[in-house]
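Under the heading CoA binding site, TrEMBL lists Ser47, Lys54, Ser117. Per TrEMBL, domain '3-hydroxyacyl-CoA dehydrogenase NAD binding' is recorded for 4-182. Residues or ranges marked as domain '3-hydroxyacyl-CoA dehydrogenase C-terminal' by TrEMBL: 185-281. Under the heading site 'Important for catalytic activity', TrEMBL lists His138.
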Amino acid sequence: MNRIGVIGGGTMGAGIAEVCAKAGSDVLVLETKQEFADAASARIAKSISRGVAKGKISQEDADAAIARVKVTLDISEFGDRELVIEAAPEVEAIKHDIFAKLDAVVKPEAILATNTSSIPIIKIAAATSYPERVVGVHFFNPVPVMPLVEIISALSTAPETAEAVTDYAKNVLGKTTVQAGDRSGFIVNALLIPYLCQAIRMYDSGYASAEDIDAAMKGGCGYPMGPLTLCDTVGLDICLAAAESLYAEFAEPHFAPPALLRRMVDAGRLGRKSGRGFYDYS
Ligand code: 3HC
């Protein structure tokens, strides 16, 4: 697989496009508006160029990787893609619509993957006429740094589909892979989201300050980031969507989104990307 499509040029989509392009793949990114397309191109080029300043990649290789990425507004251009990785907003209806459109455009042998963080893969696969070629390929933020990719097979996923994307993630992108069943949250978010929600509840109860909760988990457990800083980094809207999806799936109290998380999303305090979350980034 060398012709890769990425749906969405936001934080995750841009990161996925970057790692694919740096690995030598030809990458086509879909965006919905010209201003988003321009922002996605700039985000990808800036991130790749940052590696030059750090001596991680030569100027020549960075230029070549940037040149391998094209951003388009036209989904019909995805007809020649061998693997498409969707990284659109975490809204089931949006993903359904995208997969139905992709299904009509790509060749029957093309693989359609979703980077959903918590929506069951089968629900997305159901929007296509070849659900055996639909698979979950879940990257972590920041994509260029985090080594893991979760591969999620739905009940309908063909073993060859999972094998092909595992091979691409491991042998082309150089990522570590794990295989997970099609349960909301897969492995990482099923464990991570209750921990993040619990940190929010602790902060909301006034039991400890945000700074102390974060310092405690960094210093006491060796985590690279405290939980509230991690919420701000991942995006509070993403944390909320993941908690809602997990709670809908398992109906267990520890997955229930804390009220404060909902209010912060209502207030537009989405974390780093909006300039304010548990901390102020303005
Ligand atoms: N893009 C590219 N590179 C980045 C980056 C980004 N956004 N952020 C940091 N880096 C690089 C830095 O350039 C640096 O590289 P260098 O060592 O070669 O100089 C390296 O990462 C370390 O960065 P820093 O020294 O600036 O800072 P840290 O040591 O604190 O590391 C971190 C930053 C790697 C983000 C680290 O704090 C970390 O691992 N945090 C936890 C992240 C995490 O848990 N991610 C998973 C979130 S859950 C998820 O994504 C699933 C979703 O579905 C919800």
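Cβ from N, Cα, C; glycine included.
Predicted automatically and left uncurated, TrEMBL annotations should be read as such.
Known features from TrEMBL, placed on the structure.
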residue	record	Cβ contacts under 8 Å, 6 or more apart
Ser47	CoA binding site	Ala14, Gly15, Glu18, Pro144
Lys54	CoA binding site	none
Ser117	CoA binding site	Glu90, His138, Gly185, Asn189, Ile238, Ala241, Ala242
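Mean pLDDT of the predicted structure over the domain '3-hydroxyacyl-CoA dehydrogenase NAD binding' (4-182): 96.
Across the residues annotated as binding CoA (Ser47, Lys54, Ser117), the two Cα atoms farthest apart lie 30 Å from each other. Summarising the environment of His138 (site 'Important for catalytic activity'), the number of other Cβ atoms within 10 Å of its Cβ, over all protein chains shown, is 26.
Secondary structure at Ser117 (CoA binding site), taken from DSSP and collapsed to helix, strand or coil, is coil.
When secondary structure is read from DSSP and collapsed to three states, His138 (site 'Important for catalytic activity') falls in the strand class.
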